[in-house]
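What follows is a short report on a single structure.
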Amino acid sequence: MADLGIEEKPGHASPVVDNISSLSTELPDNVNDAGSREAFLASFTPEDNKAIMRKVDRRFLLLIGIMYLTKNIDYSNAANVKVLQVGEPSNILKELSMTANEYNWVQSIYFISYIIFEVPSNLLLKKMTPRIWQSRIMLTWGIVLACHAAIQGKQSYYALRFLLGLMEAGMFPGIAAQLCSWYRSDEMGRPIMWMFGFQNCSGIVGSLLAYGISYMNGLCGMSAWRWVYLLEGLYTILLAVVVYFVLPDYPKSPRSSKWLSPRAFTKTEVLRSLKDPRTYAFMINQVMVNLGGYGLSWYLPTITTNLGFAGLPRNQLLNIPPAAASVLAIIFAGNFLNRGYVTRPAFTQPIMAGMTVFFILLFTISSKAGIYVACVLSTMFYSVYFIPFWAWRSSTLQGMTGTAFTLAFQSSIGQLGGVIGPQLFQSKFAYNGYKTPFAICAAAIIVGWIANLCTWWLTRNVEWDVRRIRRLRIKAEKSGAVYAADDVQVYEERKFYGGLGKKDEVEVV
């Protein structure tokens, strides 16, 4: 059992977890047939399984959470610095002689380069290993971010934002593809919960940083917004060093005790992904939801400042409740998904309903308190949506190249919402509290919901299979065993549904 990093101790009938720095994707040579494989896996106790996954969790969850937190602070800080010292000579708009509409391009340009370079970056991940490639991503984007402190005009600002998107491209789909080699599809909710939980802490941390750094305005002759970019860039550079030494690679890599068999670029897996209608269903869903969500998140600091509930610099603190509500909802969603009560697409339905309702309220009510509450809950529903979404997406990925390409392809196109969303909030719509842009965002959310339902239909069989296997694993664990009699069928899906109705499960299990 050394291939799974487990050492059998003399005198012990069952395997004892000794060193699980490696999780092989292959079985020992003598257990390749189905019966031996089942017997081999069944020899693990629930305690063995938990010990294995605890070690995997310890190596991944905190680190990828911090990485994703840092990424979101670094790309979203442009929204926070916009309202630092607003109305004063040291405000970024005044220093760079930019209008609000010109400033919207700061975010759109970032996403344009992100989209262009997302797929190439994720495919290079296969050649460079996750540890090297992710540390390169963080190092180069940290350098670019620190260089933002030297901006002298809008042209240099635009150029650096393009470079920032280029350097960050591939981080999220790269991590997601790597996690698919360490976690089963029904277990993906946990690492996704950690990533997005930390991501939404960025709203809290970013606002507190902006609030604190605002008091450095004028220090060493630099405006507060320049200090924000410099300090966050230097921190990201230091984190890149930590990632290089700590982030695991694949289960059988040298740093995980064994090398994962080299895989060549597989053209057939890319073509299979491009021909799969599920790829485009997920993609449309993500684009539309992101269009509404990115539009709101980009203008949230401006909206909360304009509501007038707090003056400078306490206006930054108004961005904390939306982030805090999102984190709490994400923790709940991750734990709920792990219990296998419903399929992932079924769980997204109340989330989509809540998102639609509160986005509609943003352009139909006039109460300042009501608008703020709608901002908090819209942000919460948007943020929590991607916990079941990405876990759901993982169940239909096929092959190493197919996984890397599909996640990068979908993520890159999905970021179109980040290009379009900020451009909706033009100054000409400010007179009525940006009701027109919010109406467009709400319409996009509704279209995304329709795409969500279509995607659910296309994946209904495999998702029911994921739920079924998850519940069988939970049941076996409660009885003191590890379930190994069956697994989710991705390449040849089981048919649980006939038309709109579900077949008798006995027929298909």
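Every residue, even glycine, has its Cβ placed from backbone N, Cα and C.
Annotated domain 'Major facilitator superfamily (MFS) profile' per TrEMBL: 60-460, in sequence order.
What TrEMBL lists as transmembrane segment is 137-153 (among others). Tertiary proximity for the transmembrane segment (137-153) is limited to same-chain residues at least six positions away from its ends with a CB under 8 Å from its CB atoms, namely 67, 70-71, 74, 96-97, 121, 160, 163-164, 167-171, 174, 222, 226-227, 229-230, 232-241, 243.
The transmembrane segment annotation in TrEMBL covers 159-180 (among others).
The feature transmembrane segment is assigned by TrEMBL to 192-215 (among others).
What TrEMBL lists as transmembrane segment is 227-247 (among others). Tertiary neighbourhood of the transmembrane segment (227-247): same-chain residues 59, 63, 66-67, 70, 73-74, 77, 80-81, 84, 130-132, 134-136, 138-139, 141-149, 209-210, 213, 216-217, 219, selected by CB-CB distance under 8 Å and a gap of 6+ residues from either end.
Residues annotated as transmembrane segment in TrEMBL: 280-300 (among others).
Residues or ranges marked as transmembrane segment by TrEMBL: 320-337 (among others).
Annotation source TrEMBL lists transmembrane segment at 346-365 (among others).
Under 8 Å from some Cβ of the transmembrane segment (371-392) lie the Cβ atoms of residues 176, 185, 188-189, 192-193, 196, 199-200, 203, 285-286, 289, 292-293, 296-297, 300, 303-304, 307, 309, 318, 321-323, 325-326, 329-330, 332-334, 337, 344-345, 347-348, 351-352, 354-355, 358-359, 361-362, 365, 433, 459, 463, all in the same chain and six or more residues away from its ends. Among the features that TrEMBL reports, transmembrane segment is placed at 371-392 (among others).
Proximity of distant same-chain residues to the transmembrane segment (437-458), defined by a Cβ-Cβ separation under 8 Å and at least 6 residues beyond the stretch ends, is recorded for 277-278, 281-282, 284-289, 291-292, 295-296, 299, 345-346, 348-349, 352-353, 355-356, 359-360, 362-363, 417, 421, 424-426, 429. For 437-458 (among others), the entry in TrEMBL reads transmembrane segment.
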Chain residues in Cβ proximity to the transmembrane segment (192-215) (below 8 Å; excluding those fewer than six residues from its ends, i.e. six or more beyond): 61-62, 64-66, 68-69, 71-73, 76-77, 80-81, 84-85, 172, 175-176, 179, 224, 227-228, 231-232, 301, 312-314, 316-320, 322-324, 326-327, 330-331, 333-335, 337, 379, 383-384, 386-387, 390-391
Short question: which residues 6 or more past the ends of the transmembrane segment (159-180) have a Cβ under 8 Å from it? 60, 64, 67-68, 71, 74-75, 78, 106-107, 109-118, 120-122, 124-125, 130, 133-134, 137-138, 140-141, 144-145, 147-148, 151, 188, 191-192, 195, 249-250, 390, 394, 397, 403-404, 407-408, 410-412
Using a Cβ cut-off of under 8 Å, list the residues of the same chain at least 6 residues beyond the transmembrane segment (320-337) that approach it. 189-190, 192-194, 196-197, 200-204, 207-208, 300, 344, 347, 375-377, 379-381, 383-384, 387-388, 391
